[in-house]
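A.B. asks: These came from TrEMBL, pasted as-is:
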TRANSMEM  12-36  transmembrane segment
REGION    138-166  region 'Disordered'
COMPBIAS  142-152  compositional bias 'Acidic residues'
BINDING   224, 240, 261, 344, 345, 346, 347, 418, 433  ATP binding site
BINDING   261, 433  Mn(2+) binding site
DOMAIN    308-526  domain 'FAM20 C-terminal'
ACT_SITE  413  active site
C-alpha cells in the first residue's frame, strides 16, 4: 500500500525530467540552425548591412523570426553581450561532451555542435555535376546525344583502351561503380567542395596515396614546377615536389613572390581548411614516389625528360621548365630515388565545370617598391563594399574567411581566387594554390588580415569556431597535430614542426584580438546582426 503511494509521485518526477531534457535539446538545435545563417557585422561609421539575395532570403526563411527574437535586447544592454552569453553556452555544451568522452582533440572537435550544424537543403541546381537520366537526355538532346547519354548512364560506360595502360572499367548511373575521383566530382555542391562526413572522402585520400602512377607530365601555368599525374582508373592529381626541408624557414630577405612553394604547405593547408569548417580546398595527401620508375621512365613530356640528371652523390634529379627555380642550381632530387610529394585531387575539367578567376581586392602590388591601394587607404573597405560582387550576398565574408585562413598559415600570395561559373556569385570561394604558406613560424604578417581589420565584418559561424579552437580542450595546434598524423607522410617525419603548430595558436589569438578591437572601437554604436 505504501509502495503504491510512493511510486506515483516518483514516476511523475521522472516524466517531468524527461520532458525538460527533450525541451533543452530542441532549443539547442533551433539555436544551432540560427547560428548557421548569420554573420557578425562589426560596422564602422559608414558601414551598412549586406543586402540579401532572393536565394539567401529563401534559405533564411523559417529562422528569421527566431533570429530577430534572439537579437532583441533590453534597454541599456549592448546586443553583442547577449549574443556572447548564448554562444558561450553553445561552446560550453560542446566542452561538456568533450570532457565526458574525450576520445581525442580531433574527435571532440568534430563532435561539437558547431561542426554539426544543420545543412542547407540541396536542390538539383545546387550540384556542380550530375548524372543525367535517360529521360533528361531525350528531352534535351539530339538523337546522337541520346545515344551517348544512354551509354554513359543507363547501360554501361566502358573505357576505350587497355593498350595505354588504363584499367578496363564499366561505369553506370550507380555511384558504386564510380571511382573515388568521380564520386568527389559528383559531390561538389554550391556551398562546399566536399562533405566532411562523406565516407567517399577517406576512399579518395587512400586512392591518391596508393594508386599506381601511369603517367607524369609537366603542368603548364604557374611560376614553379608542378606535374600532372595520371592513374589507371582515368583519375589525375596535381603533384608538387619537396624542394627544401620541412624545418627550413623562408629567408627574411626574400619577397613573398620569390619564396619557394612547399609540398607540406599544400597538405597542411587542406587539413587547416577542414578544421576551420570551410571545406574549400581539394583533398591533398603526401606520398613517397620513385623519381625514376614513376616519373622519368614513364613520362611522355620531352621538356621534362631532358632535365633529368644524376647528382655527384648519386641522387636522381630533375628541374623541369618554369618561371622560377627551374634550373640545375635548384633541382628536385630523390634520395637517391625516393621523393616526398603532395598529391592534390584535381577539380572537374574546365570543359565540364568552367571556373571564373577573380582578382582579389586586397591583392599585393608584387613590386619591391610600390604599395597597393589598400595598404595606403585605411577606409579602403568602404569602396570595396560598394563594388560588385562584394556589395551583395556573402562574397565579402567569404573573402574574409580566406584572409583568416591565409593569416593562420602565413600565406601572402593570394592575388586571385576562383569560383565555379555555374553558381554565379552565390557560392563559396575555392582556396587553391597554398604552397607558399607555412614559410615562417617566427614572424607573423598582420597585413594579411587587412580585410578583417578594415571591414570589421566576419561570419558568425567562423567566429564561433575560432573561439572554440582557442580553448584548451579544442586547441587548434592539438587538433592540427592529430589531423596531420593521419597523412601517409607523417610516418616519415611530422609534416609541420612544433614551432609552426605553436604559431597557429599565436595567430589565432591575434585574429580574435582584431575582432575585439573592432568591437571596442564601435562599442557605443549599435551592433547590427544581419541575416545572410
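Placement of Cβ uses the backbone N, Cα and C atoms for every residue, glycine included.
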A.B. asks: Could you round the CA separation between residue 433 (ATP binding site) and residue 413 (active site) to a whole angstrom and send it over?
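C.D. replies: With distance taken Cα to Cα, residue 413 (active site) is 9 Å from residue 433 (ATP binding site).
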A.B. asks: Provide, as an integer number of angstrom, the distance between the C-alpha atoms of residue 345 (ATP binding site) and the residue listed as 'active site'.
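C.D. replies: Rounded to a whole number, the Cα-Cα distance is 21 Å.
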A.B. asks: Please report the distance from the Cα of residue 261 (ATP binding site) to the Cα of residue 413 (active site), rounded to the nearest angstrom.
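C.D. replies: Residue 261 (ATP binding site) to residue 413 (active site), Cα-Cα distance: 10 Å.
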A.B. asks: In sequence order, what residues of the same chain, 6+ apart, have a Cβ less than 8 Å from the Cβ of residue 224 (ATP binding site)?
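C.D. replies: In sequence order, the residues whose Cβ lies under 8 Å from that of residue 224 (ATP binding site) (at least 6 apart) are 260, 261, 322, 323, 324, 325, 326, 435.
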A.B. asks: Among the recorded positions listed here, 261, 413, 433, whose Cβ has the fewest other Cβ atoms inside 10 Å?
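C.D. replies: Counting other Cβ atoms within 10 Å of each of the recorded positions 261, 413, 433, the minimum falls on 413.
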A.B. asks: What's the most sparsely packed of the binding-site residues 345, 347, counting other C-beta atoms within 10 A?
C.D. replies: 347
A.B. asks: Max Cα distance spanning 224, 240, 261, 344, 345, 346, 347, 418, 433 (ATP binders), Å?
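C.D. replies: The widest Cα-Cα gap among those binding residues is 20 Å.
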A.B. asks: Restricting to the domain 'FAM20 C-terminal' (308-526), report the mean pLDDT as a whole number.
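C.D. replies: Its mean pLDDT is 94.
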A.B. asks: Tell me the Cα distance separating residue 413 (active site) from residue 347 (ATP binding site), rounded to the nearest angstrom.
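C.D. replies: Rounded to the nearest whole number, the Cα-Cα distance is 21 Å.
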